[in-house]
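*Asks:* Questions regarding the structure given below will be posed in turn.
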Amino acid sequence: THTHTHTHTHAGLLYYSRQEIQSESRHILCFACRRRVRAVLFLCPPSDYIIVSCAYIRRWRLNDTFILPRPGSRYSLMGGNLHISHLNKEEDVGVYQCLASNSFGTIVSREASLHVAYLENFKTQRRSPVRVREGQGVVLLCGPPPYSGELTFTWIFNEYPSFIIQDTRRFVSQKTGNLYIAKVEPSDVGNYTCVVTNTVTKSSVQGPPTPLVLRVDGVMGEYEPKIEVQFPEVVPVAKSSTVKLECFALGNPVPTISWRRVDGASFGRKVDINKASGALEIPYFQQEDAGIYECVAENSRGRNSVKGKLSFYAAPHLTEKPQDVQKTIDDTLVWECKASAKPKPSYRWLKNGEPLDPMEQDRVQANNGVLTINSLNLADIGMYQCVAENKHGRIFTNAELRVVAIAPDFTQNLLKAQTLARQGGDILIECKPRMSPRGVISWRKGKEALRESHRVTVLESGSLRISNVSKMDAGLYTCAARNQFGVASSAGSLLVKEPTVITSPAGHLDVTVGESIVLPCQVSHDPTLDLKFTWFFNEQLIHFGSHGAYFEKRSAGDIMIRNIQLRHAGKYTCAVQTKVDSVSIATDVVVRGPPSPPVNCQVTEMTETSALLSWGPGIDNHSPVLSYTIQARTPFFLGWQAVTTVPELLGGKQLSATVTDLSPWVEYEFRVLASNSIGTGEPSKPSKKARTRDTVTPARVNGGGGGRSELVITWEPVPEELQSGPGFGYVVAFRPLGAQGWMQAAVTSPDASRYVFKNESIPPFSPYQVKVGVYNNKGEGPFSPVTTIHSAEEEPSRAPGRLRARSVSASEVEVTWKPLAWSNNRRRILGYELRYWGEREKQDTASVIRTVGNKTSVLIRDLEGSSTYYMSLQAYNSAGVGPQSIIVNVTTKKPPPSQAPVKIMWNTSNSKVILKWDQVHALENESEVTGYKVMYSQDKHSRPSVVETNTTSLELSLPVNQDYVIQIKPFSEGGEGISSRQITIPKIAGGTVPTRCDIVGFSLSTKNNVQHVLLLPVMVF
């Protein structure tokens, strides 16, 4: 079947005409050869014919052998196109290249490879049965017949059209055509036929059927995956192409196939992983897709994997091309050719379709894409091609080289008819004839050949240079040029003029503001030349008439400056120019005047009646400052007024002073004036407004907390004795951190210590700068220093997690939890609030323990033994508490024994005290005794030492020459029990103290909860 699709021919492209195929009833492939041709692959049935098209064609070659079309042969040229009829797959397969020639040279196209597609029949008619056990894996080989072109494979089960559907158990490799069954089942028994299809010819052939038979000698047991289909260790992939990797394993149970990149990178969305067929497909392959890929096959019996590296490559792509160029004989040509590719390309150059002549290596050099030809001649004319190539492709680019030969010609560059030169100066007379190759340049003065000397030189360019020109050098000069193609000349006159000299001396003028001065510029010069005077002030051109009429031109080249000002001080330059030379002279003008304004005038300290002022010196304008004057103004003054200072007289080096006799609670501005011997200068810029003090500012300005959308500002009120004047109150100023302007509010109560600003737009826990000032009927006072506070925050939004409770003893429980993040941009965590209540109590009567900071545990004390308690936890901050955690419960341990140790006996010998007592037995509702604590001290008031033991006896190493007080108490997991009565062991001066039993007491509980104490007498042994 054929379609009516056209693929049109473009310059350098190949095309395929489907419509022509139908009309001719046979397949035709056509490709065109222009100056740039891409490499292509052609696949045709052997009975077809092919047209190879090439514009401006004179010759074609196949496998580097020229094709000579003759009448009656299968090859013919049609308008430059190569027509091949009765295509033969043995004779016509190969690499084609066309050569285009004209009068400028020859170029070759890129190669085009022609391959003929075919698919033969299977040779074998029968295949032996494949016998396998149930549960075993099997591979059925396809073994395709001889072919050319791309193939696809399918398998028929038993009879057409029952095709094998690929899934996790069955896989058809498109690389080998083999059928893989991971685990054979009884339903797989039957005949399998491999179907091979050529994608170019669209023809298909079927192989002989392969019977699959189950063995009857048992079932295959489970085994780990065995990978049968795998990809090469290195797979080169072209840029922008599609790569497909196959991976399949046999195993019982059926293995699962997964893919991953060894470098851990994730697959992009473009990657297609077909888990059912065990294939990984990556379209539009790029550099970032390169790397090591791993296929993993695993089942319950084990795991296996294979790895392969996808390496990125790209055919050359030109980034810099040589351009057509025209050069003169003996010139040098440099052409640069650059291409991007991976791996990096190599370069070679062709001239008229052939490699460069190796005999010309000294003159013609090609190095890494750069072609250099020295000493060009006419034989170098032609078409050149740069070929950039790597193992994945090559690309051509063309450029034409023309080498021109011209006899000398001055028509475009005649010598100047007249050249003016200054006596004593240097002159260059240019000679630039057009000629190729470059010939010999000679000069004549008048009719005689010009002789070179230390003053007269003919430069390498052919121009003439004369140094220290004299009147004798004047005359007619002729430049003559000669090469092998002819002679030409051009002439011009040299006129020598007197030099221009400024006769006014350079100088230095020192003047005072308001004076008028004349700056002279007198010259001597050649009377035949016109003069042009130009004046510059500090290297800037003076435009007379545009400087407020200060500058005025005088006779000759002089200028006058009237009523000179300080800004007129500087460097004045008179420049005089003629056609042959230019000269200049400079005069420095210093203008003395009153001092410039002092700088940086500022108030550094204020009291009720004085201000400390500082300033910096201004420019003295070439006359030292002798004194300073300070002036002030207030809203109550009429303009600026002089003030009293300490010291009273401010010398020229004084840069600070105290202004006195000021009024309290008044806003002042100050400025400073400097004076020298010439006068008093302009005043400084006023200082910032500052108010003399009349009160104190509020202390301890702070704030924070409050309700939602509130900003709470607090301060310590000003004491009554410091509140100056009636109408005292506070001015509260605040602004978001980083803002420019301040918002203000007045608080009229002198005893107030708090102001709350509420606005729904205030973000929670947002930083604000605040300050608090004072005012009274006289006006506003100073503000406190600026401090930063936060607006009201939101209560915690999450409950603490992992709340755990553990009974430590009968009266203590340890509670732990996972803390919340301490702070974010809306709230903080200041601590945690633990609520606990007994089993018989209600939750709203719970006891509360509050922690501060980021603690994660708390110990609850004074609880009842053998009791169940419930507890919950909440985070809190200044806005309140957050949500409650889950409620947990814990049961305290049984109480410790209520009986004290009795029948305590002791003995002392050799600095040792040996103690014994009866075992304490716990009651039914008490926790069992786990040990005893023996406490001893030298008297009843000192801190006792403690020794623990889990027996009812203890040996202490103590000096016997001191008294000791001893007590014993039992302990258990429920805590410590009741101590025995204090026992005093007196000191004995040597010897052994007989064993003693002290009086002991213990209590007995009756049914009526009445306690009885039994006293035992002292026994001496």
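Heads up, the Cβ atoms here are built off N, Cα and C, so glycines get one too.
Dumping what TrEMBL says about this protein:
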type	residues	note
DOMAIN	120-206	domain 'Ig-like'
DOMAIN	225-311	domain 'Ig-like'
DOMAIN	316-402	domain 'Ig-like'
DOMAIN	408-495	domain 'Ig-like'
DOMAIN	499-584	domain 'Ig-like'
DOMAIN	597-695	domain 'Fibronectin type-III'
REGION	679-708	region 'Disordered'
DOMAIN	697-794	domain 'Fibronectin type-III'
DOMAIN	799-895	domain 'Fibronectin type-III'
DOMAIN	897-991	domain 'Fibronectin type-III'
*Asks:* Please count the residues of the domain 'Ig-like' (120-206) that DSSP assigns to helix (H, G, I), strand (E, B) and coil.
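*Replies:* Split into helix, strand and coil, the domain 'Ig-like' (120-206) gives 3 helix, 36 strand, 48 coil.
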*Asks:* DSSP on the domain 'Ig-like' (225-311): how many residues come out helix, how many strand, how many coil?
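*Replies:* Computed counts for the domain 'Ig-like' (225-311) are 3 helix, 51 strand, 33 coil.
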*Asks:* Mean pLDDT for the domain 'Ig-like' (120-206), as a whole number?
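*Replies:* That stretch averages a pLDDT of 91.
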*Asks:* Please list, for the region 'Disordered' (679-708), how many residues fall into helix, strand and coil according to DSSP.
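*Replies:* When I sort the residues of the region 'Disordered' (679-708) into the three classes, I find 0 helix, 8 strand, 22 coil.
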